[in-house]
């Protein structure tokens, strides 16, 4: 089940009962495989439901269900991206790197890391990243184009598609990889 399907289930609007809304999302969680975007979005949906409930009760306004789902998806994605940068930093710290450059094609992630005061909702994750950054001599966070990492993305897709493991690249990798690396090296000369 996708987040869009959740929207259609909620298209009549949220109930004023927090318990009813919570139960609906828990029922959806039981139906969804653990890896789906629904599972990752549920905490953000719950938070949005709570905020919408307060808006109804205290400000006599409310967001549309589609807007609530959209915001929850955006917040879940950004939270995941920030968490991945934290994991990357822990990994390079454990490998005893001193100078680190971390790049992302997700511009909001780089914006949040660069200006944490503008992103108070993610304060905990951003403080964790800031603390990790202090364990390096130099850390740079950069935004990059999706095309910059096309080879890495294609490797990841092929590993997932064919169920390959760590030895996949250690054994030489697929022929297409060598051809792509050769072409890219020739372009950069």
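Here the Cβ of each residue, glycine as well, is placed from N, Cα and C on the backbone.
Residues or ranges marked as domain 'RNase H type-1' by TrEMBL: 87-158.
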Any idea what the model's mean pLDDT is for the domain 'RNase H type-1' (87-158)?
85
Per DSSP, what is the residue count of the domain 'RNase H type-1' (87-158) in each of helix, strand and coil?
46 helix, 12 strand, 14 coil
